[in-house]
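As recorded in TrEMBL, the features of this protein are as follows:
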- B:12-35: transmembrane segment (TRANSMEM)
- B:47-80: transmembrane segment (TRANSMEM)
- B:92-114: transmembrane segment (TRANSMEM)
- B:135-155: transmembrane segment (TRANSMEM)
- B:175-208: transmembrane segment (TRANSMEM)
- B:220-240: transmembrane segment (TRANSMEM)
- B:246-265: transmembrane segment (TRANSMEM)
Amino acid sequence: MTDALVELHRLTVNFDDRPVVDHVDLRVQRGDIITIIGPNGAGKTTLIKAILGLQPISGGALKIAPGLTIGYVPQHLTLETTLPLSVRRFMLLSGRSHQECMEALTKTGVEHLLHASVHRLSGGEKQRLLLARALARRPDLLVLDEPAQGVDINGQAALYELIRSLRDELNCGVIMISHDLHLVMAATDKVICLNQHVCCSGYPADISHDPAFIETFGRPVAESLAVYHHHHNHSHDLHGDVVSADHDDHTECSHAHH
Amino acid sequence: MPIIDAVLGDFFWRALIGGLGVALIAGPLGCFVVWRRMAYFGDTLAHSALLGIALSFLISVPLNVGVIVTCVVLAIALVLFSRSKTLATDTLLGILAHSALAIGLVTLSFMPDIRVDLTGLLFGDLLAMSRNDLLWIYGGALLILALLTVLWRGLLMSTIHEELARVEGVPVERLRLVLMLMFSIVIAVAMKIVGVLLITALLIIPAATARRLAGNPEHMVGLAILFGFIAVSGGLTMSWHLDTPAGPSVVVTGFAVFLLVYGSARQVQT
Ligand SMILES: Nc1ncnc2c1ncn2[C@@H]1O[C@H](COP(=O)(O)OP(=O)(O)OP(=O)(O)O)[C@@H](O)[C@H]1O
Ligand SMILES: [Mg+2]
């Protein structure tokens, strides 16, 4: 077994003696994509801030591999407008070369904004810029707090696809928070459903049948996800490898081409 | 050299040379005050300078040392206090700023055998600039510019986004302390030019003026230094000819430039 990048053991964070993250166990290795889902206020952001060392922990143990380079995309990016800052300068402040920064911007599709001011970007553009900055650092661990918020529908699927290909390219671990259950279910290795404590976790295909999941998200959501999986255009064999579905399946949902 | 001696022998030239040295460091630090919304914080530190002076007389250490140490101690106390969040930060700053000023004034009044020029301390004094002060100013400027150059990326990054900076391994807390130390130095040396009450103005007016025209942080720093030079040389000239107090004259000049720039220039798009 390879060494873990991050290992949590019964990690707990209290605010005013109220546990917001309650006895969470988690292990992230290179190549893992772990998605944390859960309702608002469930403690997802608090959990990853604890992992990043931004939030003091109240109990349990947190082990981070030494010398880890972490790329972080925060949930909110509020920048002081009195500080003039271009996309280019913001990227270069990562300490990486111009070329590495350009490549990262190209990957997330915002290279045309190189000379724009960061204060004038749209929500989705800002999100892509943040991801580019995290990438430029060639991280061992990517920590993404709702990376697809504000990204357009086509962009969202592409973004999750990009995250997966980055995982392969950099051989990094990924921890991400997401509310896009449908997309997440298709793109992740492991889902953790958090509601203060871990209420269930496992492979996406299994989790939607979990009683705890159904209780947290309600039966309609769980069923829609289960249905979604039924129509999915690939399935997993016993080893977890992806096998293509029959071609017949595709004709039903093929796009209209002109 | 006789020419240098002649220049340094003239109090107006000493004040001008000193003032330009102060503007040189007030530019970049003023930008940080604006970017980090620390105007009121800077004001509080500046007000405590008077307390520093009183204490230096009391235990007979050089004034600059007393002021710097007092400012650093107060800055650290402020950072620690504001974390506890029992009082809103602006209330806390308001209390400390004026209490420090009041305690300083009361302490000074207890020392009748020491003659201090209170007006000069509060509003700046053209005549007050000694050769020794010039050494302090340029020594401080050299130290601050060196620190800024070495620590620039970390300082900028922790100003732009503290959490990103932390994750990237920037020692945010240590840099905050260094910044406090630099503020304390600039307050100790700027006191001679503009006086305790107007130091914050010398920090933020040139920086705010520069924001209108700047496209990136370094550009803003450069312009802030330039506007600081204009304010200092204009203000001291005014003070010389019209016999007005140095500090207010410098601030008035800076403010006039601010109005001019905001009135006429089209804002740069960043
Ligand atoms: N600094 C803080 N002090 C006190 N309470 C806090 C603090 N930060 C977060 N909380 C509380 O902790 C709980 C969890 O917050 P957190 O931001 O982790 O939720 P989340 O799961 O990320 O929610 P969302 O999906 O809305 O982003 C919330 O109830 C919030 O009010
Ligand atoms: Mg959150």
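Even glycines carry a Cβ here, placed using N, Cα and C.
It should be emphasised that the depicted structure is a prediction, and the values quoted were computed from it without experimental measurement.
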Answer yes if the transmembrane segment (B:220-240) and the transmembrane segment (B:12-35) have at least three CB pairs under 8 Å among residue pairs 6 or more apart in sequence, and no otherwise. yes
Near the transmembrane segment (B:175-208), which same-chain residues lie under 8 Å Cβ to Cβ, leaving out any that are not at least 6 residues past its ends? 15, 18-19, 21-23, 25-27, 29-34, 39, 42-43, 45-47, 49-50, 52, 63-64, 67-69, 71-72, 75-76, 79, 101, 120-125, 128-129, 133, 136-137, 140-141, 143-144, 147-148, 151, 154-155, 158, 220, 223-228, 231-232, 245-248, 250-251, 254-255, 258
Quick test of the contact rule: Cβ under 8 Å, at least six residues beyond the ends. What residues does that give for the transmembrane segment (B:47-80)? 41, 92-93, 96-98, 100-101, 103-105, 107-108, 111, 114, 116, 121-122, 136, 176-177, 180-181, 183-185, 187-189, 191, 196-197, 199
